[in-house]
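Chemist: Below you'll find the structure I mean.
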Amino acid sequence: MMQFDRSGLDGSPVDYETALQLQRRLHGEVATGTTAETMLLLEHAPVYTAGKRTTDDERPTDGTPVVDVDRGGKITWHGPGQLVGYPILRLREPVDVVGYVRRLESALIRVLGELGIAGERIEGRSGVWLPGDGTAPDRKLAAIGIRVAEGVTMHGFALNCSNSLEAYDRIVACGIRDAGVSTITEALGRTVTPQDAAPMVVAALQAEFGREAAPRAAQTETAA
């Protein structure tokens, strides 16, 4: 049974380093079988994080601090209004990392469809996108960057719900120069918050990964 933890959506954004330490602890416990698979859903305090393939020219030019992390992908931003999900799951053998990413994308495409948005994959690019229409370029709605060790996943996805896009102007988001970013709110013309999207995300991940979900015990919830 997969546990889910939405305590990071209580209105107090979670510091990135705090969440990272929790992920690492849970990863170790899931890997050894001492904790059930867990999905963390939260909002972060504003932060830039850089995956292993980030180059210097993609970072902020004004010296804004960036947290370097051990996930795939490049630089991105997290902050209030964005729903971040960290599934800590044991992948079935044989481990298929690309297949896992595609399943995360499928779950998020399902959520967007429920909201009335036709999110898509774009060949050669991870994440979920609004395709360009001749008046605007392809725009990313959800970024994905993961790590798998000992057959157990870490890191995850970031779904732009109602966040400002201003912070993206200071970086080359995900290392992609010929595309943009958007939010669910911008696409629909009405406000959709992380708290609004969270139940749909939980249901979509349950359906995609075939896990029954249960709330985490209070004593092990995320510390903000």
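Cβ coordinates come from backbone N, Cα and C, glycine included.
According to Swiss-Prot, the feature domain 'BPL/LPL catalytic' maps to 33-213, an assignment based on sequence analysis. Per Swiss-Prot, the feature region 'Disordered' maps to 51-71. What Swiss-Prot records for Arg71, Gly72, Gly73, Lys74, Ile75, Thr76, Trp77, His78, Ala143, Ile144, Gly145, Gly156, Phe157, Ala158 is substrate binding site, and it gives sequence analysis as the kind of evidence. Residues or ranges marked as site 'Lowers pKa of active site Cys' by Swiss-Prot: Lys140. Positions annotated as active site, acyl-thioester intermediate by Swiss-Prot: Cys174.
In terms of burial and nearby residues, how do these features look in this structure?
Modeler: Sequence-distant neighbours of the region 'Disordered' (51-71) (same chain, 6+ residues past either end, Cβ-Cβ under 8 Å): 16-17, 20, 145-147, 154-155, 170-172, 175.
In sequence order, Gly51, Arg71, Gly72, Gly73, Thr76, Ser126, His155, Gly156 are the residues near Gly145 (substrate binding site), counting only same-chain partners six or more apart with C-beta under 8 A.
Residue density at Lys140 (site 'Lowers pKa of active site Cys'): 25 other Cβ atoms are found within 10 A of its Cβ, drawing on all protein chains shown.
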Chemist: How does the model score the domain 'BPL/LPL catalytic' (33-213) in terms of mean pLDDT?
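Modeler: A mean pLDDT of 92 is what the predicted model shows over the domain 'BPL/LPL catalytic' (33-213).
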Chemist: Taking only the residues the record lists as binding substrate, namely Arg71, Gly72, Gly73, Lys74, Ile75, Thr76, Trp77, His78, Ala143, Ile144, Gly145, Gly156, Phe157, Ala158, what is the largest Cα to Cα distance between any two of them, in Å to the nearest whole number?
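Modeler: Those residues reach a largest Cα separation of 16 Å.
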Chemist: So how many other Cβ atoms are close to Gly73 (substrate binding site), meaning within 10 Å of its Cβ?
Modeler: 22
Chemist: Can you tell me the CA-to-CA distance separating Phe157 (substrate binding site) and Lys140 (site 'Lowers pKa of active site Cys'), as a whole number of Å?
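Modeler: Cα-Cα, rounded: 12 Å.
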Chemist: So which one is it: of the binding-site residues Arg71, Ala143, Phe157, which has the fewest other Cβ atoms within 10 Å?
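Modeler: Least crowded of the binding-site residues Arg71, Ala143, Phe157, by Cβ count within 10 Å, is Arg71.
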